[in-house]
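**Student:** Structure in structure tokens, see below.
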Amino acid sequence: MKKLVAALAAAAALYSFSASAQDYPTQPITIVVPFSAGGPTDTVTRLIAEPMGKALGQSIVIQNVTGAGGTVAAGQVAKAEADGYTVLMHHIGMSTAPTLYKNLPYNPLEDFATVGLVTEVPMTIIGRKDFEPNTLQELVDYAKANKEKVTYANAGIGAASHLCGMLFMEAIDTQLTTVPYQGTGPALTDLVGGQVDFMCDQTTNTTGQIKGGQVKAYAVTTGERLASLPDLPTTTEAGLDMQVSVWHGLYVPAGTPDDVVQKLTAALQTALKDQNVIDRFAELGTTPVAQERATPEAHTETLSSQTELWKPIIEAAGVSAN
Amino acid sequence: MDLLANLGLGFDTALTLNNILYCFVGVLLGTLVGVLPGIGPTGTVAILLPITFTFEPVTALIMLAGIYYGAQYGGSTTAILINLPGESSSAVTAIDGYEMAKQGRAGPALATAALGSFFAGSVATLLLAVAAPPLVNIALKFGSAEYFSLIVLGLIASVALAHGSIIKALAMIVLGLLLGMVGQDLYSGQPRFTFGFFELYNGINFVSVAVGVFGVAEILRNLESESTRTVLVSKVENLWLTKEDFRRIVSPILRGTGLGSILGVLPGGGHVLAAFASYSLEKKLSRNEAEFGKGAIEGVAGPESANNAAAQTSFIPLLTLGIPAHPVMALMIGAFIIHGITPGPNVLTDEPALFWGLIASMWIGNFLLVVLNLPLIGIWVKMLTIPYRMLFPAIVAFACIGTYSIGLNAFDIYAIVVLAIIGYVLIKLDCEPAPLLLGFVLGPLLEEHLRRAMIISRGDPMTFIERPISAGLLAVAALAIVLSLLPSIRKKREEVFVEED
Amino acid sequence: MTSQKSMKDLLAGLIFIGFGLAFGYASLTYEIGTALRMGPGYFPLILSGVILLLGVVIFVQSLAAGPDEIPLGRVPWFGLILLTGGLIFFGVTVRGLGLAPSLFVATFMSAFASERTSVVGAFLLATALTAICILIFIWALGLSLAVTGPWLRF
């Protein structure tokens, strides 16, 4: 028994031996995913983790820390040691949290250093199969005419579908009836079942239903058409000035040494060139960001401009989590 | 016959040596992990999901499905042996299953669960193959108004869960409903009863409630009488079912299968109700109603069959619409995506081998499950003869890690402590924990659907009566109340007659 | 209990009344709304009212009911404190100390909660269980939990 204890102690001492930033990484790196395993953000993370680990010469471990729209995970990483071994994957929610949650225990812009953007997942505006309007313009006219008789489904406070809906209502300057759901699954079920009129969600969640003809698709919310849905016009083409995508990025706690961040950025850029990553992203209806966007500078720029963009929209909609 | 050709294709795919092997590995791993206290099916699938990433899509999904029902069965095993349900559905199994175990009849209880699950799984899988599209069309008719009425009916029927005071059971249901309100309000974002902790925004974890009010509270109960009892079960009677047992479980299994198959198709909370509904039904129909809650084998047979049937038919919304009915199905969607398959109605036409292979493998998986588990019963029952003072720290250790590993949230552990104390005190005061758990699971759904139905109808409560399915369900609920009052009226009348005689 | 009333029901009634008051009080701080446009406080407030009412009924009935058939019995205070203390310790330290030390202390405390387990016995049991758990969860299942945490790094 004594031997075992001694061995345990020795192992612990070995394990906890920390190395300087130059040798980074000397132990497995943890990427914290703020949502549960199997969701879109988790999928994106797992796809890039393997090639990133290869580039860094260390294995990457994925941890799913769930709760409060991803703020529990972000709070944990903000408090973690700034040694580059704890990395956070987060999406657009990073820029909306400060407005949605008034007592947020961290500041996204100050408590984190950015590593780089990963991908920008487009969103699609879709309606129930028997919904009257057939094009985006008809939808806008219909919404303006019927106002709060029109129901818009979303996947809960702070979800991408919630943000897209707020943006849509702002763009057409009309208040519709918002129907929140506990996640995308139930919202999509009710849309397919014709219980609600329309919604807007990530291509990851909607491509299958659009292709299967179970919902009517109106537009994709990015500047370019999608390879997976080439017939679907963009919002701009359809005459609506509104663009939104669910961007994902990697973060480390503020104070992480610059050369460590550089190594992570380089690994991310390598991973985004990986053919398997490109292929799988395409199946998700998205692409890796361009190399110059997978940098701390571009990421910080996106984070701060998005934080500015969402603040007035969320405040105007009068939603707040506390 | 299209169906035969399709099933032929399915079995062709599923019966390759490789796929059988991985189906078996999935079922085995699922059972072994699911049997750990504090880890339910959702936890098991989440933990084992990454293992499947490296396989071929068909193989991966077959294995994952195997893991899922393996875990489901493993969860029932823990519910029966140590009163620790891993998922809401097995909470019902714990009521009579654990009583049976304490009486030395863990063997028959486990065998009933295995046989009932196998039968229900086979029937529900067939249903899935034959009637998935029409069933899903019915499911899509269910909007929030219908779900609200269904849950009301479920809550009224569930009073049968109690075997003691009905009014205490009602109070426990309401307490469960209130505990279910903890967390961020879906509609306004307002955090409720969270004391300002972000960690509580997602609400209290189901596993924490189950481990607290069932597992740890039960350990405290056992510590009371430690000086007189050293092992949980002193005598173990036969491992297998008697003829009488067989006679008693046949109808409950049939009814449970039917009920579970139907409720499982409903993505908005139907599968949650399956086991509870089956238990209530069996108790009402049984001639030995008094035995329920004290180790009635029907109370294991019905809910276990319902539970497993619902587990199979809950694949229907996933496979036909690409929409997940519950967290496990959401994980499956993730697996589809990782393997480059876009889940949705096109899976059936684009990937027929995968679709039918998965269905065929479900049947094979259920078969392997029963083959695997019947011999294991002896080992599980042996575990009960471990001295209790060694068994319970193990339960605590596994429950700690299991609960923590789900979301890496320490609050899930603190919730266990609070709920264990509440549960222990209330159980000591003869209040039963099962109704509390039911309320906890259904509470958020009840509020969510009620408020959503009102938003969609724009504040018109008539929506519940104007929609025919909803009205029908509410009528049945009203009938159930009348029927439950009748016996007491009749009894009083009989008493009067007795006096006259 | 010498009094001619059901102590169990009396206490249960009081507890439910307590829950009703506590939840009801908290619900009042949220927006209530109306029956047609419910706010976040509406549903919990109604439930609090119901449980309060049920609590009162149980309380009143207890005064009329006879004494309990089975008395309340003792509370294993020692076990209760050690068991819950162990769980809390685990929750507080699992991130900082890591799984192995945190789990070891937690299982040691809960093992010692049994009157029949000695210090040595609890120590052996805790060591064995910690080893088994690490084997199962870290080695076999590959959970991403640190075996030793940052508090132990130098």
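Backbone N, Cα and C atoms are what each Cβ position is placed from, and that goes for glycine too.
Annotations per TrEMBL:
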- B:20-438: domain 'DUF112' (DOMAIN)
- B:20-39: transmembrane segment (TRANSMEM)
- B:45-69: transmembrane segment (TRANSMEM)
- B:109-132: transmembrane segment (TRANSMEM)
- B:144-162: transmembrane segment (TRANSMEM)
- B:200-220: transmembrane segment (TRANSMEM)
- B:315-341: transmembrane segment (TRANSMEM)
- B:353-376: transmembrane segment (TRANSMEM)
- B:413-446: transmembrane segment (TRANSMEM)
- B:467-486: transmembrane segment (TRANSMEM)
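Quick one: how deep are these features, and who are their neighbours?
**Tutor:** Below 8 angstroms of C-beta separation, residues 14, 45, 47-48, 51, 55, 59, 62-75, 77-78, 82, 84, 86, 207, 211, 215, 361, 364-365, 368-369, 372-373, 376, 380, 395, 398-403, 405 of the same chain, each at least six residues beyond the ends of the transmembrane segment (B:20-39), sit close to that stretch.
Proximity of distant same-chain residues to the transmembrane segment (B:45-69), defined by a Cβ-Cβ separation under 8 Å and at least 6 residues beyond the stretch ends, is recorded for 13-14, 18-19, 22-27, 29-30, 33, 39, 117, 121, 308, 311-312, 315, 328, 331-332, 334-336, 338-341, 353-354, 357-358, 361-362, 365-366, 368-369, 405-406.
Sequence-distant contacts of the transmembrane segment (B:109-132) (same chain, six or more residues past either end, CB-CB distance under 8 Å): 3, 6-7, 10, 69, 72-73, 76-77, 80, 93, 96-97, 100-101, 239-241, 245, 249, 252-253, 256-257, 260-261, 264, 297, 300-302, 304-313, 315-316, 319-320, 356, 359, 362-363, 365-367, 369-370, 373-374, 377, 380-381.
Sequence-distant neighbours of the transmembrane segment (B:144-162) (same chain, 6+ residues past either end, Cβ-Cβ under 8 Å): 92, 95, 168-170, 172-173, 266, 268-270, 273, 276-277, 279-281, 283-284, 293, 432, 434-435, 438-439, 442, 445-446, 448-450, 452-453, 456-457, 463-464, 467, 469-471, 473-474, 476-477, 480-481, 484.
Taking Cβ pairs closer than 8 Å, the transmembrane segment (B:200-220) reaches residues 37-40, 43, 82-88, 91, 94, 179-180, 182-184, 191, 193-194, 392, 395-396, 399, 402-403, 406-407, 409, 411-413, 415-420, 422-424, 427, 433, 436-437, 440-441, 444 in its own chain, all 6 or more past its ends.
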